[in-house]
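Student: In case it helps, Swiss-Prot gives these features for our protein:
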| type | residues | note |
| --- | --- | --- |
| REGION | 1-267 | region 'Amidoligase domain' |
| BINDING | 15, 188, 189, 190, 191, 192, 193, 224 | UTP binding site |
| BINDING | 15, 148, 149, 150, 188, 189, 190, 191, 192, 193, 224 | CTP binding site |
| BINDING | 16, 17, 18, 19, 20, 21, 73 | ATP binding site |
| BINDING | 73, 141 | Mg(2+) binding site |
| DOMAIN | 292-538 | domain 'Glutamine amidotransferase type-1' |
| BINDING | 351, 379, 380, 381, 382, 402, 469 | L-glutamine binding site |
| ACT_SITE | 378 | active site, nucleophile |
| ACT_SITE | 513 | active site |
| ACT_SITE | 515 | active site |
């Protein structure tokens, strides 16, 4: 931790300005300068984690290799940095309060009255410092907007850290909005000025202003922001919209963001090696080929619910020089008459709950019968089993006990116990609490030889991430396999991890979530081969 330098990223004016992408972009540039870099996300909500939150409320829940259910921004961090992060890279107010209360119950505060300062702020600082061990730089993204009640004590902790570590160890980057008023054809800086004033009132002074704007800012406007916000002129970085989020590091580099960072930290001029990154971004922006994927989901009103999967398709497309277009198909309305003209492949993602299930099953049946490349992920694989049992084996009562605990043929069921990542036995029932009771994180999968899975991964054993409670019931395996649906992946205790259908161009189901390990520089192999198959169809 002694050598670590900290870059705190806050947001002002309004939410959803792209602090996560901004943090990822800064980290990427520093990483390509051969520094050890990581990112920490602070979420100011009181939930322990987002695991039980609705996807429509929070967006995607991203699962780390060590089984933490985290904010979707952790997914961005991993994809930009091309490395695994852990539960240390995300914490919430709920976790902070729980730790402080637990310590108080243990008597660790020696009978003191527990207060926001110093006890809560000390716990925040402890976690930040812990995440910085062994690093040259830790970028810390503070969720929410400056002025929110929920974020006050985080800003106080940042103020204290700067005092403890010294100016040469801390930079504050403030992401703000420069709105464009169409009627007067003007860009307005006043919201940024007021946001910085509020931030300074709380004891935190930014050294870099990252101005989100729909249009470039001229020198006069940049100088105005610099003067009113008390920063150097070259410390006003304009972040206009880009055609791809992966172009943001290049934009920031062109804007000169590394100059004030190097100056503040007393570093030599920074020269990131971005040639390979630039090549992939060019293929995203100007691809040679196109392919259309039918994405059958139920959380379509908030597509960030499927963020990692959307990005994984982009990664695969970049490596195949193809633009992957998504045809969003609402599972609640999908039926045998749904128009699939121009759709090159069908993707059924993971999910929870009974809503939209029959539409997904119908989509799987059509992919099977119409020889469309198909990839089913988690629930998507489970429903592929249900569809096959109903329509090929004739087991009309086949279902998952998630939707009908008394179904005639429980081909997907809740197993009472399983071994977790630490080889500890876990017990779960239909009445178990929802939070933290799933099979979470990275587990090993043994791959059968001569399968599509082996062809994709090119090795006999892989590790992929999971997030589910229900498993495929092996009782009916012999019947499926006699009709051509083969089990090609096994986990611990012979849990079924992957299936493939014979005599089909590409029909694969996986219990794990391959999207969680896909990166721009290294797309997930099974998703890559899925897109390859779709391209051969287009």
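Residue positions begin at 1 at the first shown residue.
Glycine is treated like the rest: Cβ placed from N, Cα and C.
The shown structure was predicted, so the numbers you read here are calculated from the model rather than taken from an experiment.
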Student: Measuring C-alpha to C-alpha, could you say which of the binding-site residues 18, 193, 469 are within 10 Å of residue 513 (active site)?
Tutor: none
Student: Just to be sure I understand the packing, how many Cβ atoms besides its own are within 10 Å of the Cβ of residue 149 (CTP binding site)?
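Tutor: For residue 149 (CTP binding site), the count of other Cβ atoms within 10 Å is 8.
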Student: What is the interatomic distance between the Cα atoms of residue 469 (L-glutamine binding site) and residue 378 (active site, nucleophile), given in whole Å?
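Tutor: So the alpha carbons of residue 469 (L-glutamine binding site) and residue 378 (active site, nucleophile) sit roughly 10 Å from each other.
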Student: Which has the fewest other Cβ atoms within 10 Å: 19, 190, 469, 513, the recorded positions listed?
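Tutor: Counting other Cβ atoms within 10 Å of each of the recorded positions 19, 190, 469, 513 gives the minimum at 190.
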Student: In Å, how large is the greatest distance between any two Cα atoms among 15, 148, 149, 150, 188, 189, 190, 191, 192, 193, 224, the listed binders of CTP?
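Tutor: Max Cα-Cα spread across the CTP binders: 31 Å.
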Student: Excluding 351, 379, 380, 381, 382, 402, 469, which residues of the same chain place their Cβ within 8 Å of the centroid of the Cβ atoms of the recorded L-glutamine site?
Tutor: 350, 352, 378, 383, 400, 412, 468, 470
Student: Let me know the most crowded of the binding-site residues, choosing from 18, 20, 351 and counting other Cβ atoms within 10 Å.
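Tutor: Buried the deepest by this measure is 20.
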Student: DSSP secondary structure for residue 141 (Mg(2+) binding site), reduced to helix/strand/coil, please.
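Tutor: Where residue 141 (Mg(2+) binding site) sits, the three-state DSSP reduction gives strand.
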